[in-house]
């Protein structure tokens, strides 16, 4: 029967795997990582709080997509909390941690990253449902959206707790990972492959959206005179999709590949030298999400800007917005409006023909 090491401190496992985390991550390198991490965390807290507040405050955002967007912001906010906890429990402190505290440190990170990833996937599916049915918003009810949000967090918490529940190497140290000294290598392979599969699904979903919108735009342009906004629709869609996919590839793929190599016991891959920077790249995804999914939407940005500036024009702007014609309101309710509103949605949803440009946004 294998001996279990639940009562050992982390120095026992770090020394066994010969990881350099606790000894060499000091001096300028540690200061640099902490400075970048602190800046990222502050931005994550502020920007995602603004996104959540904007969704709550602006009644135009009381639709399924924006509820999911607010949940994504909450997941990214939680990622900032997880990284703050990591910063106070890393470097030389790592070796002094108990097994349970180390599980908590890594569990918070796994939960936050899984929640962000699953949120991105659900948002992609929601957008696919809406655009394929030529609707501004999907038919998801508040009850279904609430169920989705609860499911997202249940999956994230479960994934973060899986190693604690037993899929670890505390009773079989021969299969311990190098990057995560008390994680089983088989779990790292499972976690990295699962996330790469989810990434592939997201790529397929967005490619389908792009091809569908491009085809519909071409069909529409052949039957209409075509405004400038209609002609720019495929370009704006391509930029948005490439930004979303590019951010995910840059921020997540390197770390997932490193985890996969460690799970496959690649001893000559030099993964110890790059693990810290790839962790920062993963955190950067939570920094970029508010920019990609929120700040590109004019209505979202205007709402957040009013909350930041607290200008005296708030009331007058709200009064003017309440008198905007229904055709304009129809345009402003969809965050995807900056790339599909003029070419596809207007003719079938608003029923008003050519509404003109959005303001060259």
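Just so it is clear, glycine is given a Cβ too, placed from its N, Cα and C backbone atoms.
All annotation found in TrEMBL is predicted automatically rather than curated by experts.
Taken from TrEMBL, the feature transmembrane segment applies to 30-53, 65-88, 108-125, 145-167, 187-207, 240-261, 277-295. Residues or ranges marked as domain 'G-protein coupled receptors family 1 profile' in TrEMBL: 47-293.
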Please check if the transmembrane segment (65-88) comes into contact with the transmembrane segment (187-207), where contact means 3 or more CB pairs closer than 8 Å and the residues in each pair are separated by 6 or more positions.
no
Could you name the stretch, out of 30-53, 145-167, 187-207, 277-295, with the greatest number of CB pairs under 8 A to the transmembrane segment (108-125)?
145-167
Overall pLDDT of the domain 'G-protein coupled receptors family 1 profile' (47-293), taken as the mean:
81
